[in-house]
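As recorded in Swiss-Prot, the features of this protein are as follows:
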- 14-51: repeat 'WD 1' (REPEAT)
- 54-98: repeat 'WD 2' (REPEAT)
- 153-195: repeat 'WD 4' (REPEAT)
- 200-241: repeat 'WD 5' (REPEAT)
- 278-326: repeat 'WD 6' (REPEAT)
- 336-375: repeat 'WD 7' (REPEAT)
- 383-422: repeat 'WD 8' (REPEAT)
- 433-471: repeat 'WD 9' (REPEAT)
- 562-606: repeat 'WD 10' (REPEAT)
- 609-648: repeat 'WD 11' (REPEAT)
- 664-703: repeat 'WD 12' (REPEAT)
- 784-824: repeat 'WD 14' (REPEAT)
Amino acid sequence: MSAPIVQLAHAAFSVNRCPSCVSWSRTGILACATCHSIALYDPQKNVVISTLNGHTGRVNCVHWVQKNDCSAETELVSGGSDKKVIIWAIEKNKCEQPVAAEGHTEVVNAVHAVYTQRSENELLIVSAASDCTVRLWLRRNVKTECLQTLSFGKGFVLDVCISFLPGSLVPVLACGADDSRIHLYVLQNEQFEKTQVLHGHEDWIRGVEWAVTGQNLFLASCAQDCLIRIWKIFRKTAKENSKTEDENSIKLKENIFKVKEKDTETSYAVTLETVLTGHENSIYAVHWQPSFSRDGSIVQPMSLLSASMDKTMILWEPDEESGVWLEQVRVGEVGGNTLGFLGCQFSPDKSMILAHAFHGALHLWSRAPNKQNEWIPMVIISGHFDSVQDMRWDPDGQFVITVSADQTTRLFGPWKKKGQSHVTWHEIARPQIHGYDMQCLAMIGRFQFVSGADEKVLRVFAAPRNFIENFSNISCISVEKLLLNEDTNLPEGATVPALGLSNKAVFHGEILIQSTQEEGKYNSVSEQYSQPNFQPLNLTEPPTEDHLLQNTLWPEVQKLYGHGYEIFAVACNSAKTVIASACKASKREHAAIILWSTTSWKQLQSLSYHNLTVTQMAFSPDDEFLLVVSRDRNWSLWKKQEGIPEQTEPTFTLYASTDKNSCVHSRIIWACDWTPDSKYFVTGSRDKKVIVWGDCSLPSMNEEKSSALIRPCSSLLDTGDSITAVSVSQVLALDGSYIIAVGLDCGIIQLYKWKHSGTVNDWLKCLAMDQSLLSHTLTVKQLCWRSCLGRAGHDDRDNGDWIQLASCGADHCVKIFDVYRKAL
């Protein structure tokens, strides 16, 4: 069987900033809401299995629909900012035709669903939205209809959960609202009627969840008052109803309501079972341990998980002897500029617990072997929580660095677990945690990069020794090989001063002094609460979120001042001696490109030609040319001057360009790149066209003749959508053609082969990555080919058959693709 042209090696993502964005199925698959998609992730294998695309707005809630017999789930329900509720039928981790339920007029923020007791083809769905309504839907086979709309006036329902009354087929609905009350509805005469309002919480109710135990129904609720309340619903017998109470007896208050079912009236009582206190901030989620089947009966363990903005997650269980609910385990994150947890989940067998944080990070703990209440942090996927703006491979193709509007720079690399052949990708470091949205970056060396953000300053970072040692352990590359051409006098790590944005280097001597001071007495109270200090780590596996936040920063070695507005684009030549940078501009004087020396960090030259923002720049592989594209729909080509002595810094002069009379593109040019032989360059524009220009190897005497020589060498390729990214592989196809990847505004990535032939049909389309797993759901921001053959982290013999492509997009996602050369 032949290998597919493209397969996904990695997809990095984070979870959306909503309480109900993660749901864990009995098959061990996590459904995670990420941007406009739902990622199906296997935490055991550390791989994204599938991506469900159907929402056109942010996905705010997901829920695996549990079957009545506790068998594996096959359906998933989600709600989003596009006002839709979607039911997904999942078979073998792939989605059949999704069914959408439309009717809400505002954002859907909570969903839940149960199968009716009559048939699994009937699904009862409840959804809450910002339009102050709760809607109930019935899905029969493939048709979905709205049964009822419950209005809450001007109030909002923040969470919903539906179940069945004990010993009956009557559905009961719990709605947690912003009036600090829980509203209970019961189905009567084909309509849901309000039967009880549960008082007790003193702030917005953030989470509600039912659990059935024998003849009792328990409801767990949590709120911003930092408390958890557990309510009990049970059937009242005729004997209990007629029994008179002793006036001197002490008993919890019972709220009694009656339900008619098939001409039989039954009384039910609601009592407050317990109040759990232990969190110090708002509690956003509660989750019961999943029920399971044993000896033909359903067992519901009395274990409850809660997640709070105090950065902790607590596991609660009742004491076996007294029945008093007690805190069994408390886990959480320490340090870092974070805001706590929004949601929590049990694994199906309770061997693992998971929380997702305000900034989208997933935290996974596994129970230690043979130790009941000891939990160990585990490796889990991580990623950006806002648009990923730019990315680059390191020169040796061992890792990828990305920058995002979430104000972080992240480094992703491959990892092979000990004793396994399977390679997975993980976030290995977070070199920069900034105060401005990141925009662009360029690699200056293997362990040095320059980044630009929504500020006027370029910042240069270099890897510390601790990162290189840990990267060596994780990638199984010797430290000596990694440091072959690097400075040996490296700092150990970096830390951020309390009132600064710059990562300050920490050297070995400072760590020793710091540890000595910590052992001694403090001279003042302020010294006890000083800024977080760097702690060197010896890692053999990818770091957890706590370590990424505090111990993987890279020291800032230089700031480059010169631009008048926010940095928008940066590039570095192949020799790593010259940096080119540009900023946002609406005038010619501000659109000038500044060239910097990487040895002296001084300005070398200012190149002025364009009238509007320069969108991208690229040095030719032989360093002879600098290509610039701009919002003004033109490109300019700058040539390094010949005959300059080696001692002096290089200077560039305008070699060729287009203007308003000669430009071929009719809209903004977003992207450009060079072929590996430096003969041709490629431009991509919002006008949906890709053009190859050249031949740049032809001799020319002056700018006029050069501009005449540099002309379109290809036919105009119409991609059908705005082009936002272009990348040419440094490795040729087997037939000698150039391999060109094109990223579109709609999120699709297209692969083409092109060879200069002078004919109309010179483009050959190899593939359009428009499948749910391969494509992005929003704009492709950057594409970047690995500079060498093979797959990073692999040592198999067929490495030469593969090349790798990295992509990032406005959907917060970073993807690594394995491309099979022989199939192109």
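Glycine residues also receive a Cβ, built from the backbone N, Cα and C atoms like all the rest.
Contact between the repeat 'WD 8' (383-422) and the repeat 'WD 12' (664-703) does not hold: fewer than three of their C-beta pairs are under 8 Å, each pair 6 or more apart in sequence.
Mean predicted confidence for the repeat 'WD 8' (383-422): the pLDDT average there is 93.
Sequence-distant contacts of the repeat 'WD 4' (153-195) (same chain, six or more residues past either end, CB-CB distance under 8 Å): 19-20, 109-114, 116-118, 124, 126-128, 130, 132, 134, 136, 147, 201-210, 212, 214-217, 219, 221, 223, 225, 231, 233-235, 257, 259-261, 266, 268, 270.
If you look at the repeat 'WD 12' (664-703), the same-chain residues 6 or more away from its ends with a CB under 8 A from one of its CBs are 615-622, 624-625, 627-631, 633-635, 637, 654-658, 709-714, 716-732, 738, 740, 742-743, 745, 752, 754, 756.
The stretch from 278-326, 336-375, 784-824 that makes the most Cβ contacts under 8 Å with the repeat 'WD 1' (14-51) is 336-375. Listed by sequence, the residues of this chain that lie at least six past the ends of the repeat 'WD 2' (54-98) yet keep a Cβ under 8 A from its Cβ atoms are 16, 18-27, 29, 31-38, 40, 104-115, 117, 120, 123, 125, 127, 129, 135, 137, 139, 142, 144, 290-293, 298, 772. DSSP places the residues of the repeat 'WD 8' (383-422) in helix, strand and coil in these numbers: 0 helix, 20 strand, 20 coil.
Residues 14-28, 30, 32, 34, 43, 281, 284-290, 292, 301, 303, 305-313, 315, 328-329, 381-385, 406, 433, 532, 544-546, 549-550, 812 of the same chain lie 6 or more positions beyond the ends of the repeat 'WD 7' (336-375) yet place their CB under 8 Å from a CB of it. Per DSSP, the repeat 'WD 12' (664-703) is made up of 1 helix, 17 strand, 22 coil.
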